[in-house]
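S.K.: Heads up, here are the entries from Swiss-Prot:
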type	residues	note
COILED	26-179	coiled coil
COMPBIAS	1-10	compositional bias 'Basic residues'
MOD_RES	86	phosphoserine
REGION	1-21	region 'Disordered'
REGION	121-158	region 'Interaction with VTA1'
REGION	188-219	region 'Disordered'
């Protein structure tokens with residue numbers, strides 16, 4: 001049958017609101033151009049009427065101007081109607097798009113809720129509490145280990161009063177050690193002879209030095 005009558009052509013999709021808006025706007029632009037041409041004719045007729053005297057010729061020009069003005073008013077009405085149609089379709093298109101966006105948002109929210117429920121099923125509060133307890137126990141064990149490592153060995157406990165008494169006594173001992181006995185010893189030491197020592201003799205008539213020892217004669 002397809003060979004005899006041919007295959008039916010697929011139906012074209014119906015025009016969308018965006019396509020209709022484009023078509024209406026194009027028609028409105030075409031009408032605007034016509035109105036502009038009519039405005040130019042009206043200006044020309046108006047100049048002619050100003051320069052002409054009253055009479056049949058002037059009346060004929062006026063009739064032409066009135067016909068052009070009437071066409072202009074009709075085109076303006078058509079343009080206004082098309083503008084209103086375009087506005088209405090744009091509002092409808094905006095509403096449709098808003099509804100589509102709303103549906104997309106709702107679908108995304110539903111999917112999010114579904115994923116959240118799925119995730120919550122995988123998380124159990126008992127496991128979280130057990131994990132917290134394990135962490136707390138591990139922290140306590142770590143603190144005990146630190147205390148054990150920092151513990152001192154063989155250190156007797158000392159009384160604070162005994163330490164203070166020892167400190168006071170230590171101060172007295174330091175003051176006692178800082179005496180001036182070494183100054184007395186220095187004062188009793190033999191004085192350093194001043195000037196050149198003179199020759200002296202002992203009881204046997206032998207020359208002796210300043211220390212009382214016999215002098216060795218120079219060779």
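In case you wondered, yes, glycine gets a Cβ from its N, Cα and C as well.
Since we're looking at a predicted model, the values are computed, not measured.
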S.K.: Using all protein chains in view, find how many other C-beta atoms are within 10 Å of the C-beta of residue 86 (phosphoserine).
M.R.: 18
S.K.: If you average pLDDT over the coiled coil (26-179), what do you get?
M.R.: 86
S.K.: Based on DSSP, name the secondary structure state of residue 86 (phosphoserine): helix, strand or coil.
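M.R.: Going by the DSSP assignment, residue 86 (phosphoserine) falls within a helical segment, counted as helix.
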S.K.: Helix, strand, coil: count each for the residues of the region 'Interaction with VTA1' (121-158), based on DSSP.
M.R.: 27 helix, 0 strand, 11 coil
